Amino acid sequence: MDCQENEYRDQWGRCVTCQQCGPGQELSKDCGYGEGGDAHCIVCPPRKYKSTWGHHRCQTCITCAVINRVQKANCTNTSNAICGDCLPRFYRKTRIGGLQDQECIPCTKQTPSSEVQCTFQLSLVKVDAHTVPPREATLVALVGSLLVVFALAFLGLFFLYCKQIFNRHCQCRDSLQYEAEKTVEEDSLFPVPPGQETSPEFPANEGILEIKPLNSILDDDCSSTRGFPTQESFTMASCASESHSQWVHTPIECTELDLQKFSSSIPSTGPETLRENTAEHSGDRLELYVPFEVPSL
């Protein structure tokens with residue numbers, strides 16, 4: 001003979017009713033259909049409860065947050081959790097018989113106007129939308145402000161760079177113009193004769209000097225400038241002309257001051273020989289041929 005769902009078979013083969021456990025307790029193992037004769041009562045595990053006597057198992061407590069409702073009482077081993085009203089922006093549907101669902105659903109635009117809780121929440125949302133600016137608009141305004149600041153900074157740096165280059169260019173142009181004007185002024189004050197543009201180096205040779213008396217200096221061309229500096233005063237040979245191809249003995253008219261300057265420029269070391277080759281007197285002019293050594297330039 002088979003045992004019922006609440007019976008177990010004892011050692012003599014008879015069907016015996018399973019042990020009953022009180023509230024907050026359950027059997028340690030399933031009992032029924034001839035099995036579970038050694039089961040005993042234990043306390044319900046956490047998050048489970050049992051409110052009546054019986055051999056059945058403890059039931060799982062309800063979670064109010066899962067069904068979008070406010071929890072009013074916690075779950076115990078003898079009682080289930082108690083849930084209250086729906087959370088904000090949620091409502092419970094009403095069935096045809098007047099009963100309401102246990103679970104609350106979100107409010108939408110299609111929610112009937114009879115649901116007072118959804119009507120109140122939608123009005124609050126509209127007021128918030130008018131008072132609080134959207135996050136996207138704030139982000140766009142911030143990005144736009146940063147772009148404007150970066151653009152102004154870039155334009156300022158570019159302007160300073162261009163101004164620096166322009167000032168440098170103007171300074172270079174003024175310097176070149178000043179150098180050119182200075183060169184033109186020097187050329188106008190000290191013109192270079194065509195035959196004296198280059199001055200090659202000369203070896204030690206014999207020079208020819210021509211000395212004039214002081215009474216004829218007034219009519220001389222070398223002293224006709226009345227103290228103004230001439231090109232001859234800047235030459236190392238002191239009135240001696242420079243030859244293009246070779247040293248040529250040519251009479252040159254010089255003053256006593258030129259002779260003194262030339263004599264002081266000759267080095268004192270070494271023997272100096274003065275030999276009078278020819279002395280010619282032609283009127284008031286005396287020509288002397290004097291051998292001398294010219295220092296290399």
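In case you wondered, yes, glycine gets a Cβ from its N, Cα and C as well.
Partner cysteine of C107, as given in Swiss-Prot, is C118 (from among C86, C118, disulfide bond). Between C75 and the candidates C61, C64, C86, Swiss-Prot records a disulfide bond only with C61. Sequence-distant neighbours of C64 (disulfide bond): residues of the same chain at least 6 apart with a C-beta under 8 Å from its C-beta are V70, Q71, K72, A81, C83, G84. Candidate disulfide-bonded residues: C3, C58, C104. Nearest to N77 (N-linked glycosylation site) by Cα distance: C58.
Between the alpha carbons (Cα) of C86 (disulfide bond) and C118 (disulfide bond) lies a span of roughly 10 Å. Minimal Cβ crowding within 10 Å, among the disulfide-bonded residues C3, C15, C86, is found at C15.
Counting residues 6+ beyond its ends, the repeat 'TNFR-Cys 3' (85-118) has Cβ neighbours under 8 Å at 67-70 in the same chain. Looking only at the topological domain 'Extracellular' (1-138), the predicted model's pLDDT averages out at 82.
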